[in-house]
Structure formats: C-alpha cells, structure tokens
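This report refers to the structure that appears directly beneath it.
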C-alpha cells in the first residue's frame, strides 16, 4: 500500500471513529434511547441549581433551574406539578409545597417556575433568598390531572393569581397540538382570570399572544380594583360570569379551578349552583369540575 493510500485510510478511519464516538456520547446524553432523558423522580427529592432569576414585580419572579444535562427534560406530564422542599428556620420539619412549571418538556436543559412571594408563604419566601448557583430540592411528578388531547370538547378555566400556572401549561399544550401545527387537538378553551389590580395579571402578554394566535382560546379578565375605562369583569367571579363565559354543563366538558382557597371554595359552590357536578374534596381525573 502506498503512503498516500495509507494516509487516506487512516483519515477515513479517524472520521468513522469520531462519528461513532459522537453517536455514543449523544446516546448517553439522551439516555441511550434516542429520546431526551427525563430527570424527575416521584419518590426521591433531587437538587437542581438556580440558573437565572427574572423579577417580574416586587413580589413575583420567574426562577429558572438547570437540569443536569442540556439535553435533559423534566419529564412532567401536562397537568401535573412538582414538589419543592426546604428546611426553614422556625419550622419543626421540612416544608413541602407544590408548584406547576410554566415551561414544558419542549424546552430542554431547564425548567421555569413563576412564584409570588406571600408574607406567610414558607417556600415562596425561601425562594427569594436563593442566589444563583444555590440548590432547590424537587420531587415529582404528582397530581391527579394528566391532560391528553381531546379528552373533552370544551374546557372552562377559572384561575386566580398564580393559579394561572397549571392553566397556562394545559393551554400551551393544546395550542401546540392544533391541526395547523401537525397535531389533532381541537379542544375549545375559555379562561376567566381573576386578580386584584391590573398589575397583578401575571403573564398577560403571553396570554394575549396566545389569544391572537388561536381562535379556540379566549380570556376574560376580572379585577377587584379596575382602572378607569376597564371593560372586563369587576369584583369577584360570579355565577353569571361563569354562565356567560364558560361552557354549559355537559358530558363532554370540563371545568378547571386553581387559585386561593377562599376563591376555590366560592367557585365550587357557584359551579354546583349552575348545574355542574359537585366538586369533590379531592379531585379525580374523571371529574367534571377539577380543582388543582
């Protein structure tokens, strides 16, 4: 064999070897199956590092936590949530609270949490003390809701404050899976979103953009303290608002509720008075009125 041929053979083998190595490394990062690796563990807490913090207002922020590898995904079914745990001074045992990420498994390498810090909120206040590079203990997935495309014809949602997070997760999944996007989800969605002041309306720009993009999604805002010229709802969410804005009781509809406990209690009574099936103390997937 000539020196030229030998050199070409060596180069070819080097290229093939490099390609095989790249495939093996890629397979390792993707969990060996060609699919992104899911990192959530439903039985054990894991530490995730705070990567970014974006302050939306004086008491609301989006926390971005890094996953171990840039190709990893959280592995959170649509409609489910995660548990956050922390040891907090003055508390006799570890505090655990549930949150729904506003990101999805379509976004690899991280997950985002939208959190409002309440004066009496243990985990929400703890999050405000975290610095970039600090760890947060996370476990999941958990929850009775697992959304599947076309599980019902029409969904009516009532959200208050940060109760918008599980709703947004489902709304975005539905719109991503529309026929125009290569999917098959034709579910209609109507959302009543209640807040105290205009500045309390979280993720309003994103919601408005989704309304523009999708004619199967509508939002009705309700404010306790509306500004001059406000055209949305005023005060608390009423049975009349529900009757006018959300789907009427039927076998193929679902009402979803998420918000402060007093609001949820009132909405359970309101929906029952309008003929929807009475909400259970602990919701199940098949329930007509589902409380997160």
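Every residue gets a Cβ built from N, Cα and C, even glycine.
Residues or ranges marked as FAD binding site in Swiss-Prot (evidence: similarity to another entry): 128-143, 154-191. In the three-state DSSP scheme, residue 173 (FAD binding site) falls into the helix class. Residue 173 (FAD binding site) has a Cβ environment of 21 other Cβ atoms inside 10 Å.
Feature annotation from Swiss-Prot assigns domain 'FAD-binding FR-type' to 43-148; the stated evidence is sequence analysis.
The transmembrane segment feature in Swiss-Prot is assigned to 12-32; the stated evidence is sequence analysis.
Shown are the binding-site residues 128, 135, 187; the one with the most C-beta atoms within 10 angstroms of its own C-beta is 187.
A strand conformation is recorded for residue 142 (FAD binding site) in the three-state DSSP classification.
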